[in-house]
Amino acid sequence: RFIAKPCAINLGIQDSGPHRAQPNAILEKVFTSITKSPDGKRLEGLSKQLDWDVRKIQRWFRHRRNQDKPTTLTKFCESMWRFTFYLSIFFYGIRFLWTAPWFWDTRQCWYNYPFQPLTSRLYYYYILELAFYWSLMFSQFTDIKRKDFLIMFVHHLATIGLITFSYMNNMVRVGTLVLCLHDASDFLLEAAKLANYAKYQRLCDAFFMLFGVVFIVTRLGIYPFWILNTTLFESWELIGPYPSWWLFNGLLVTLQVLHIIWSYLIIRTASKALVRGKVSKDDRSDVESSSEEEDVTSNSTKGIFSTSSNGSNRLNGHVASGQWTGE
């Protein structure tokens with residue numbers, strides 16, 4: 001409100017929503033009670049009832065759907081908040097872990113377990129991360145519904161479960177490694193969204209490509225060969241198959257499955273970008289479900305930015321034909 005909004009206004013982002021549909025009690029009742037995207041038979045019936053052209057009714061429903069979407073200014077402010085959090089918590093984690101012995105030798109995560117001290121900096125790192133992911137869990141039901149809603153829901157559940165479970169079992173050392181690794185790419189995605197909303201296409205493309213590289217390297221390279229290696233094999237070797245070993249590693253493997261799905265979507269987006277010469281549509285996140293309902297008469301050359309989560313996630317997306325739509 002006091003930082004992001006003035007920044008958006010200075011960048012020329014207007015606080016104006018899409019064109020509003022003209023008031024019509026009959027169509028409004030159909031929209032709210034029956035369907036937001038009527039089929040051909042219902043359109044014909046409404047056309048006869050209102051003495052309106054079918055295309056005019058289609059246009060009304062399209063405008064009415066768009067009317068409920070948040071403005072670009074609202075989405076810019078939300079992304080700026082997430083960018084600020086992800087960037088801050090990432091650098092906090094790096095600064096904290098740089099002097100931690102288990103950052104350089106993962107076997108240190110299991111020496112003298114579970115009698116390992118919980119320092120104040122480690123405690124606050126955990127509490128901040130847990131609070132943030134709980135906020136994402138709740139806000140997901142009030143934000144724009146994205147294509148990856150179910151995947152993000154499972155991701156938030158697994159993340160909250162891992163943070164809580166590892167804290168209760170004093171597995172905070174390996175937990176900090178997992179948290180820091182995941183924060184390494186998230187702020188780059190939000191930076192790409194901010195550039196998209198501000199209509200800086202090249203900057204957005206650059207951030208997205210950088211995000212894709214960091215995401216794949218950390219989630220498909222470092223995570224399985226560094227994190228999973230220590231939780232699956234080193235822990236078994238040093239402290240044995242403790243009772244919660246299966247649940248803890250089951251949650252970590254669930255995250256890895258989600259990483260593979262998202263990496264596939266990112267690679268597919270990047271492949272399209274290489275063909276078109278620019279980033280097109282990010283399938284990972286931030287793609288609104290309502291965008292699929294757009295009438296075929298609308299401008300099909302427009303691109304959709306997204307990634308979420310709000311999907312990837314919003315990657316809650318990028319541009320086609322050189323035009324951003326700010327989805």
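Our numbering is plain: 1 for the first residue shown, then up by one each step along the chain.
Using the three backbone atoms N, Cα and C, a Cβ is placed for every residue, glycine included.
The following features are taken from TrEMBL:
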type     : residues : note
DNA_BIND : 29-72    : DNA-binding region
DOMAIN   : 74-275   : domain 'TLC'
TRANSMEM : 83-103   : transmembrane segment
TRANSMEM : 123-142  : transmembrane segment
TRANSMEM : 207-226  : transmembrane segment
TRANSMEM : 246-267  : transmembrane segment
COMPBIAS : 301-315  : compositional bias 'Polar residues'
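Taken as a whole, the domain 'TLC' (74-275) shows an average pLDDT of 89 in this prediction. Secondary structure counts, DSSP: the DNA-binding region (29-72) has 31 helix, 0 strand, 13 coil.
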